[in-house]
Each structure stands twice: as structure tokens, then as C-alpha cells.
Amino acid sequence: MLSCPQCNATAPDGALFCPQCGASFDAQGDTPGNPPDAALGDATPRERFQQAAASRQSDEDEIEETLWSGSYSPKAMTSKLILVMIMCLAAVILGLLLHLSSSGWYCIAIAIMALWLMTGIWFVYQRLSTRYELTNLRFFHKKGFLWRTTDRLELIDIDDVIYHQNPIDRLRNTGQILLLSSDESTNELLLRGIRDVRQVADMIDKARRAERRRRGLHIESV
């Protein structure tokens, strides 16, 4: 039974107004039979977790912003250009040692031009068919010229960021970045021809750590 705070009249449980004076029972406050935290106190750990997750749902919906974007850097071609030049020089030296005829030099000239042409086509293809984009939530790897494929990798799934440079790359400040991921579809993702490779690798690592902290996850390697 409920007791009216105005006239002390009794009313059945669940009544909204006093049948005697018409006062609202909302003003009475919490009743002994219905404590405010009864529902929460009786909730199971699973229910409390679901309630907490629902209350944080709005915090999970962050706006995706681009942190960095790039493609295959022309600087990354330096080592390959040096290799092509060495091959051309070796062909000329070989021709001199063998005392080639005019037809032999003609073949060497065609081979050298074909080598440079293939190198140029390969570079243009790499430049136009490869695109990288880093956001605060995901990493995008777009590849392909006529038919393009896009790999989307959640930053929270990236376990490690490794970058590699050969001696020429160190002089030109370029290199490769290897992303190790727990994503079953993309366990490893190799990024070639990255300019300012160390800064980009640090940026990816910083973004993945920030995303893990934002989601409140603490992942340990087994």
C-alpha cells in the first residue's frame, strides 16, 4: 500500500494519484518497495556490460579523418635506375670487349632502349596504380590501374609496424613499410616506395595506439 504525502491516505500499489486529495505520488519520491537502484542491483554482469556498452555507443561513432595519403614515390626509383644504368654500361663494355660489328651494336642499342622503356612503364604503373591513405580509424591500400582493388585494414587490428631501408633508401629517405595484422584476410600488408618512411611508420603506429586507447582495449601478445 502507498501512503499519500499530503493527507496520509492509503492507496493501492501502482496508483499515480491519491484517491482522497488527488496529490501525485511522484512527489513522494522513491518508495521502500521500489528502490531506485533495485533494477541495477539485480542486473547480471552481462546486463551491466550491455548497459555500459549502450551508454558509450555515441562515443564510438567518431568522424573519420584523413591523417596521411601518398603513393609510390619517385625517390624510390633511385636504386632501380642505378641498376639499369649499370646494366647498360655493362652491355657497352661487353660490346667493346667482343669487338662487335655494326649489327651487334645495333642489337645492344635496341636492348638498352627496350630496358629503359620497360623501366619507365613500370614506374608509371607503380605511380598510378598504388595509393595509400591513413585515417584515424582505418588504413586503405588501393592497387590496380584499370581494375582497382582496395584493402581496408582497421587500425585496431594492426599489431606491429616495421619499416625497411637499403643503403640507397637511407640516402633518399625512402623505404618499405610492413604492417602485421590480426585480420585473417590481410595478415601482412607491404607498402612499397614510401617517402619519409620513418615519419609515416611512426604516424601509423601512433594512430593505431590512439585507436586502441579510444576503444579501451588492452591487447597482449600471446
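Backbone N, Cα and C atoms are what each Cβ position is placed from, and that goes for glycine too.
Unlike curated entries, TrEMBL annotations are predicted automatically.
As annotated by TrEMBL, domain 'Zinc-ribbon' applies to 4-24. Look at TrEMBL and you will find 129-202 tagged as domain 'YdbS-like PH'. For 81-97, 103-125, the entry in TrEMBL reads transmembrane segment.
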Residues in the domain 'YdbS-like PH' (129-202) grouped by DSSP into helix, strand and remaining coil: 16 helix, 41 strand, 17 coil
The domain 'YdbS-like PH' (129-202) [mean pLDDT, rounded to integer]: 91
